[in-house]
Amino acid sequence: MTDADPTLRPDPLPEDNDRALRPQALDEFIGQAEARANLRIFVQSARQRGEAMDHTLFHGPPGLGKTTLAQIMARELGVNFRMTSGPVLAKAGDLAAILTNLEARDVLFIDEIHRLNPAVEEVLYPAMEDFELDLVIGDGPAARTVRIELQPFTLVGATTRMGLLTTPLRDRFGIPTRLLFYTVDELFEIVSRNARKLGAPAEEAGAREIARRARGTPRIAGRLLRRVVDFAVVEGDGRITRELADHALTRLGVDQLGLDGADRRYLRLIAENYSGGPVGIETLSAALSESRDSLEEVIEPYLLQQGLIQRTPRGRMLAQKAWTHLGLDAPRPPGQSDLFG
């Protein structure tokens, strides 16, 4: 297996929308303790004051719960939840249609907000600051600006690329919240709970095996769990043991660190063809027939987080942990002789 496994990628898949597995309240949400504690304060304050909660920006790697937290916020505020995404809002009129239909204190969630059209973003500024919408009607000399009053609302933005947000947009969010990768213990809790909901109870060692290979991401943990449940039903007795989880995940090409075929191919290329690096990203892109964006956004973040690779001014290099994981010996630096040589 050499291709990127969709199961191990944090991007959403249709099967991720299983409402039964999603937490419905902050108390049910596992992980992100600091973010949850702060959000609980902000939600309670907004409810007691009877005002719209301040605009909130969730940023961090994909699959960590940004959409789920936004839905929980709306539920705990007792208001409606509207959802869209940056690429969908092609024209200012698209955004205006959504904003003018919001009721007082509603939550509007914009996923991938870093991909907003600049013209749409300009319309968003007065809407966020003054709850007003300035629309241009007509063309040429006959054009005129119409100001529309909006109901106070809460904008919740989500981005995986904080650096791509313009400064004016970023500064208009009063509650910036970074979401972090989950610990194995947190993922273990999530896997154990969801296994019970799926009717395939997991032994502690079985749930922990799935958690260890889930790349710190609940979305991936949920997908791996579903696949392991399939194996438990067909090849086992319906229970998830450590042996069954290990067997199923190995069959799926997921190794002990949660790497898939594409990850291992990336590491092995640097090890075998470039002596561990440094090697430039463009060279890797050509050798792997992958786009640079795909390498930088999909494959490299987890390898960096695990300390398997290093980014240097001269290119990518393998860390000692990667050599060990591949079962290869790292080459000696040039000019370094053997201890007894």
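In case you wondered, yes, glycine gets a Cβ from its N, Cα and C as well.
Among the candidates Arg144, Arg170, Arg172, Arg208, the residue that Swiss-Prot annotates alongside Leu21, Arg22, Gly63, Lys66, Thr67, Thr68, Glu129, Asp130, Phe131, Tyr182, Arg219 as binding ATP is Arg172.
Cα of Arg311 (DNA binding site) to Cα of Glu129 (ATP binding site): a span of 39 Å. A simple Cβ count within 10 Å picks out one of the binding-site residues Arg292, Arg311, Arg316 as the most packed, and that one is Arg316. Most Cβ neighbours within 10 Å, among the binding-site residues Phe131, Tyr182: Tyr182 holds that distinction in the structure as shown. The binding-site residues under consideration are Leu21, Gly63. Their Cβ neighbour counts within 10 Å are lowest for Leu21. Each of the binding-site residues Thr67, Glu129 was ranked by the number of other C-beta atoms within 10 Å, and first place falls to Thr67.
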